[in-house]
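Listed features, source TrEMBL:
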type	residues	note
ACT_SITE	H209	active site, proton donor
BINDING	H213, H249, D250, D362	Zn(2+) 1 binding site
BINDING	D250	Zn(2+) 2 binding site
DOMAIN	135-472	domain 'PDEase'
Amino acid sequence: MNRTSNFNREKPENSSMTTVNILGRLRMAKEQVQRVKLSLTNDGMLEHVETLANVGKELDGIFYNLVEILSDDTRQSEINITSNDDGEISKWLEQTFSSKQQRTVTTSGRFESIKAIIQASSFVNALQRQIRQHTKERLDVMLDLPIDINKLNLWSFNILEYPEPMLCTVLLIFDAHDIISRYRIDIDILKNFARALTDGYTKFRPPYHNDYHGADVLQTAHCLLIKSSLLHVFAHTEITALLFAAAIHDYEHPGLNNNYLIRTRSDLALIYNDSSVLENHHSSAVFKLLRDKRFNIWSNMNVDEYRTFRSLVISLVLATDMANHASLVERMSTYFFFKETNATTTATDSKTLLQTLLHAADISNAAKPWPVYVQSAEKVMEEFFMQGDLEKIHCDDNKSTFDRETTDIAHLQIGFISHIVYPTFDVLSKVLQMDSLDDNSKLTAAKSSSSSPWQFDLQLNLETWREIVKNGDVQRAIVQRKPLKLNFEYLEIYVEKAKNYLKKRSQQDVLLN
């Protein structure tokens, strides 16, 4: 049975729609959804692909107008750290994760009063996913991949357990978000591009900022996106830009940070005038790679969309400069405060939220389950110490940011989680109003019903290091310092102690409430 749609399939003009017009179009969309639902019940699914597509386009048009209603203020901020360490960790946190530079943010939208739209679009997207599952063979089966998309949907997924992480995540996640079909991407070219990304990520063989990190950030961004209420608010180009930026954000990372490159007057620092040196290089190098037709996965994207897409990708990658951390968190915190108090103010825009999602994914290891987190912590600290070794040789003051022999790794992790990771995920959970990142969530009595799904992992990881410090047992947690090897088996003792502490504290909170 074929039906034609009365919806205008063209993208609405840039001018803001009136409330009456928006509500009218939403009502039409809902009626069409009901007709499709009835048709699916009576006639089957495959005949109504076109109708579903029309509904999706209509809802996309509504979202396009909604996200252009309100503008956003940008604020500059600094982060103030209070720590019990000797000052070195506090100084590093303040210098790395704050910036006084004022940044301009392009306005694109408001996210108020969209619950009804999200509900309607969620139904449509669920039906579209069911149709895709019945009309095409699964990509992981076709390409004999060791991972399927269901694993990538889990917050607890550990990418370190699988080979070719970039190839698997790019193929499956791009397919899950219809990026491959929408832009008619040739699978062989996409595989070439994923392998070229892997080559770039492993070029300097950094312990942490390699292809596993790039794939992990892509998977985490995907996981945040599919479970958040904002998935259907972002335009498809924005979703594509976010996932692409996540995949490429540390391409050709040398395992050294911006401060080191600037202090040593490296070629990259001179090219980019000491401004977001690495981030400029990551995006520039990837877009140079795309000029080769063997890797150009966007060859079928039209010129206007590509211009918008490229601009957004660059802004997202540049926002991963850790110096932007304080500014991003403050802007999102300000938005949530005014939303909570129903005060009149400008709301956050979609670009800022996309930047925050990517930043959160970039630092998310400490918010993952302990077995995932501790492996990443070991790798990133070894990378810090490798830079510290080089600083003693190449820097004028012969002083390293992190000395592998003297740095207290427990206080380093406590400071990073407390002052950087926790505030980021706290404000993100409030803004997104998320429910659960895992269908089979492992929530226990230690988790309150109102806490975000990563809250327990963050608390457990933080409390484990605090237990180690409290017992003065940091040295026994380390097997060797060069290269750094942590005693994972011994650390499990403190993980259990932290779990017991959190359980008791949760029981006390229940009694107090």
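The chain as shown is numbered from 1 upward.
Positions of Cβ are set from backbone N, Cα and C atoms, glycine also.
In TrEMBL, annotation is done automatically, which means it is predicted and not curated.
Working note on the recorded positions H209, H213, H249: by count of other C-beta atoms within 10 Å of each C-beta, H249 ranks first. When the Cα atoms are compared, H209 (active site, proton donor) and H249 (Zn(2+) 1 binding site) turn out to be 10 Å apart. Mean predicted confidence for the domain 'PDEase' (135-472): the pLDDT average there is 89. The binding-site residues in question are D250, D362, and the one with the fewest Cβ neighbours inside 10 Å is D362.
Those same-chain residues not listed among H213, H249, D250, D362 yet with C-beta within 8 angstroms of the centroid of the Zn(2+) 1 site C-beta atoms are H209, G214, V217, A246, H253, T320.
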